[in-house]
Amino acid sequence: MALNKSMHPRNRYKDKPPDFVYLASKYPEFQKHVQTTLTGRVTLNFKDPEAVRALTCTLLKEDFGLTIEIPLERLIPTVPLRLNYIHWVEDLIGGQGNPRRGIDIGTGASCIYPLLGATMNGWFFLATEVDDICFNYAKKNVEQNHLAELIKVVKVPQKTLLMDALKDESIVYDFCMCNPPFFANQLEAKGVNSRNSRRPPPSSINTGGVTEIMAEGGELEFVKRIIHDSLQLKKRLRWYSCMLGKKCSLAPLKDELRKQGSPPCKKRKLEKARKPITFTVLKPTVAELQTQAPSIGCTDTSPTESVSAWLEKILTDLKVLHKRVPCGEAELSLFLTAVENTWIHTRQKRREQGRHLRELPRAQPTSTCSTDASAPSVPDTDTPTPAPEEPTAEGSNAKERNEQQDPEKSADVPMESPTEPKQVAAGSPQNPETVQHFLFKCLVNVKQEENDVVVEMHWVEGQNKDLMNQLCTCLKNSLFRQVAKAT
């Protein structure tokens with residue numbers, strides 16, 4: 001387990017390696033493999049496959065709440081290294097917490113990449129596997145962690161990579177990831193002619209099966225096949241990635257990319273993850289929203305659930321497409337797709353609506369009690385006195401136009417409120433993730449921090465981030481206005 005400066009900055013094990021003493025005291029199965037030296041140092045025998053398996057299972061349980069089973073005759077993954085790959089993919093596709101779809105080529109018995117990606121970020125995975133034993137264990141690990149809705153494990157033919165896995169799929173995937181078989185034969189797997197003589201031998205045992213660690217041509221030919229598949233799949237998959245085991249494979253693969261017309265950049269700076277737009281709902285406001293939550297059908301009046309329910313109501317009124325998506329513990333997430341700007345200048349639209357109603361032509365009151373035109377008319381006590389016209393140039397001009405037009409013709413003209421938003425979709429509601437024409441998409445996270453509730457809006461994609469800022473302000477003001485009305 002190499003816990004060094006090369007680890008990703010967000011890797012939880014970078015500056016805090018696993019505490020074997022604590023883990024041994026909490027997990028009896030792990031405690032059996034822990035050894036204490038004469039100097040009092042607690043160690044683990046990484047040459048023992050049972051010890052390595054116990055450590056992997058214990059870390060996944062302690063740090064991610066995952067329960068898995070791995071056979072000793074199949075590859076036992078190290079958690080810090082796999083977590084590194086997940087963080088690298090997060091950087092490629094735009095940060096953490098965004099709902100994405102990925103493919104894990106050769107998921108292995110542990111199914112560790114999909115389990116980590118789904119648990120940490122709510123990602124959807126297609127996990128492929130060619131080995132029967134690995135396939136059965138992977139399915140079992142997904143099911144016993146209740147992640148079958150996010151992870152689909154499929155059995156594919158030998159030597160297949162992406163083409164066969166996607167032939168029956170119409171979904172566009174955001175990325176693929178893969179630990180390829182690193183070796184071409186048994187000699188190479190044992191380090192003969194493939195490892196620099198100056199390097200020390202591996203510190204841990206390799207338990208991988210034949211299909212997991214060996215392939216015709218080794219990792220070089222394996223990754224070349226992924227490159228060739230990418231030329232046919234093109235935009236069916238946005239990011240193609242693979243973790244290499246040998247540095248000597250890098251130069252030939254760069255040459256292959258150039259040959260296929262996709263030269264790699266010499267150095268590419270990853271785009272910095274956008275900071276979310278946030279606002280805080282303070283404890284008194286949260287308490288009032290909890291009190292009012294049953295009025296909108298919210299039965300769970302916990303702080304995050306109550307705030308989320310009110311946000312959903314406001315979004316529904318604004319005709320913003322939204323749905324709940326999987327997220328981490330102690331928080332709720334909504335995926336939003338704004339198709340039309342229905343939140344800008346709402347106060348101005350309300351004033352225009354009031355002016356429009358005042359400008360509608362009114363029927364003349366009939367009088368049967370007065371025949372003298374010069375006599376003052378007596379108002380009917382049952383008929384309300386119309387409100388005086390607003391003394392504006394626009395109002396008086398509109399009034400003159402209404403008086404001049406034919407009342408019979410004007411009665412046939414349907415009047416439309418200027419503030420009524422247009423219908424976004426006809427028939428069944430659209431899926432916010434798959435709608436084709438939109439202004440922007442974003443992810444809203446609602447989580448509790450001490451006694452307050454924090455709302456974060458994470459940009460996903462779209463035309464203009466300012467529109468998301470405006471919607472954020474509208475949501476915040478609507479929540480506070482709801483509380484103000486009650487008081």
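Don't overthink the numbers, they just go from 1 along the chain as shown.
Glycine is no exception: its Cβ is also placed from the backbone N, Cα and C atoms.
What TrEMBL lists as S-adenosyl-L-methionine binding site is R82, G106, E129, N179. The region 'Disordered' annotation in TrEMBL covers 350-431. What TrEMBL lists as compositional bias 'Polar residues' is 364-374. The feature compositional bias 'Basic and acidic residues' is assigned by TrEMBL to 397-411.
Under a cutoff of 8 A between CB atoms, and with a sequence separation of 6+ in the same chain, the neighbours of N179 (S-adenosyl-L-methionine binding site) are G106, G108, M243. For the S-adenosyl-L-methionine site listed in the record, the two most distant Cα atoms among R82, G106, E129, N179 lie 17 Å apart. Shown in sequence order, I112, Y113, L116 are the residues of the chain, 6+ apart in sequence, with a C-beta less than 8 angstroms from the C-beta of R82 (S-adenosyl-L-methionine binding site). Within the same chain, residues at least six positions away from E129 (S-adenosyl-L-methionine binding site) with a Cβ under 8 Å of its Cβ are G106, T107, G108, F135, A138, V153, V154, K155, V156.
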